[in-house]
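Step one of this worksheet: look at the structure below.
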Amino acid sequence: MGGTILHTLSWQWLFAINVLPGTLALLLAVRALPRDAIRMQAPFDTVGAILSALLLGSTIMAANSLQNATSQFGSLCWMALAALSGMAFIWQIRRTGSPLLPPSMFKNERFTLAAFTSMVAFVSQGITFIALPFLFQSEYGYSPVVSALLFTPWPLGIVLIAPHAGRWADTISAPAISTLGLVIFVVGLILLATLPARPSMWDICLRSLVCGIGFGCFQSPNNREMLSNVIREHASYASGVLSIMRTFGQCLGAAAVAVLLAADERSIHVALWSAAAASAVSVVVSASRLRKITHPAETG
């Protein structure tokens, strides 16, 4: 859909088109989601919310500012703000009675590792999703519509494998299946990074499909691992952490691509190799959970 919009309309419509479904989703949520009377009585952690926004925003800005070699002072300022807001946020959630994010959740090592694995994996995805359109259009000469179609096997692979991966996670092991998915994802990213100068469309699609199958095999079991390792009262917080890790990872990935392309416009393949390297890190983190399968941590 994004490629079609860019082909027929201006880029602003990429954002404007989300207003209507977003508004509809908000109205449906207000009507359908249950209200927690007990939680509504608890005070909202306004200070924690502000510090959280500062931490996430300044971290992204610090990463994004690295693409401009002349603004080193600005980069240092953003990094300092990120560090200070991070320390202040941790101090705030540890001292308040109703924290924005209960720190006790992260005492469960399996939850923490699953969250970190998710963030690093989405950094890889964010890098790839930004780098591939440049590769398809700048180097291979495809139109925005065709470039979007070349992406189609990726979500198709997720749709095909995710339901099966969820069942395998129930019967075998969520960490094992998600780790296997990340290994397949790394293989797919390496295949994309080693695309020849004139690949056929089928070649591109098959390599994208491998990435989609790997990511779909990872995502569903890893989400299950996160949500099943917290107590029921913390389920909504865990869901929020899941969303933050996804969005934050994708934003860091996009910033990384911007830095690489600012240094050298021909470094698209370097970006794809960076995505493969980040995904390899997520494999290592995910594999560290395997030794805990027979020794589950206490939920908290």
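One is the number of the first residue shown, and numbering goes on along the chain from there.
Placed from the backbone N, Cα and C atoms, the Cβ positions cover glycine too.
Remember, TrEMBL labels are computer predictions, not curated facts.
Given the structure is predicted, the values throughout are model-derived calculations rather than measurements.
Copied over from TrEMBL:
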type: TRANSMEM; residues: 12-30; note: transmembrane segment
type: TRANSMEM; residues: 42-63; note: transmembrane segment
type: TRANSMEM; residues: 69-91; note: transmembrane segment
type: TRANSMEM; residues: 111-136; note: transmembrane segment
type: TRANSMEM; residues: 142-162; note: transmembrane segment
type: TRANSMEM; residues: 174-195; note: transmembrane segment
Six or more residues out from either end of the transmembrane segment (142-162), which same-chain residues have a Cβ under 8 Å from its Cβ atoms?
-> 1-4, 6-7, 132-133, 136, 181, 201, 204-206, 208-217, 219-220
Which stretch, 12-30, 42-63, 69-91, 111-136, tops the Cβ pairs under 8 Å count with the transmembrane segment (174-195)?
-> 111-136
Would you kindly list the residues that approach the transmembrane segment (111-136) from elsewhere in its chain, counting only those six or more residues past its ends and only Cβ-Cβ distances under 8 Å?
-> 105, 142, 144, 146-147, 150-151, 175, 178, 182, 185, 189, 192, 195, 204, 211, 215, 218-219, 222-223, 225-226, 229-230, 238, 241-242, 245-254, 256-258, 261, 268-269, 271-272, 274-276, 278-279, 281-282, 285-286, 288-289, 299
Determine whether the transmembrane segment (42-63) and the transmembrane segment (69-91) share at least three Cβ pairs under 8 Å, counting only pairs 6 or more apart in sequence.
-> yes
Distal contacts, the transmembrane segment (69-91) - CB-CB under 8 A, six or more residues away | 48, 51-52, 54-55, 58-59, 61-62, 103
